[in-house]
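Chemist: Next up is a structure, given as structure tokens.
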Amino acid sequence: LLVASSAASAQSDVETQAADFLKRFDEEATGRIYNYSLASWAYNTNITKENSQKLVSLVSKAEEGQIWSDFYSKMSEESRKFDTAQIKNTEIKLQLISLQDKGSGALSAEKAQHVRPKVMSEMNTIYSTATVCLLDDPHNCQTLEPGMFARRELIYGSCLRLPGSRRSL
């Protein structure tokens, strides 16, 4: 009985520590993303020198992706101290399993510095050069910006309306 009680107490301690760790991770991650989002939003909705400087100051500490990657890598490594086999709470267990998967944080700093800019550049190129053609007029193709966003009725009118639908948007 004493052994069972001791094991349950140890399990409870591990779960409590894991829950505290996950709470700390959530708070830190939320704070980092929130601050970057505010600066990015301010810049993208009001492009001024001041907002540009705020965004640059957040990003220039290191590349934005590298800052997140370093943080996530550190927290992922720290999360490995929790043995998920000892944790019965499914929510805590799944969060730890997810956090223990480093994802792109598994890349070496050198590889990450080479890969990230290339991937981001390719993504920006694809986004800025992509076109969408109307279903009922395949020769009428628009770029995403400003074309499709400036003419949202084209998107709603051609892509979202189901054939035979009488609903107009």
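Heads up, the Cβ atoms here are built off N, Cα and C, so glycines get one too.
Those TrEMBL annotations? Automatic predictions, nothing curated.
According to TrEMBL, the disulfide bond annotation covers Cys133-Cys141. The N-linked glycosylation site feature in TrEMBL is assigned to Asn46, Asn89.
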Chemist: Round to the nearest Å and give the CA-to-CA distance linking Cys141 (disulfide bond) with Asn89 (N-linked glycosylation site).
Modeler: 51
Chemist: Take the Cβ of Cys141 (disulfide bond) and count every other Cβ within 10 Å, whichever protein chain it belongs to.
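Modeler: So the Cβ neighbour count for Cys141 (disulfide bond) comes to 13.
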Chemist: In Å, rounded, how far does the Cα of Asn89 (N-linked glycosylation site) sit from the Cα of Cys133 (disulfide bond)?
Modeler: 49
Chemist: Near Cys133 (disulfide bond), which residues of its chain come within a Cβ-Cβ distance under 8 Å, counting only those 6 or more away in sequence?
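Modeler: Expected: His139, Asn140, Cys141, Gln142.
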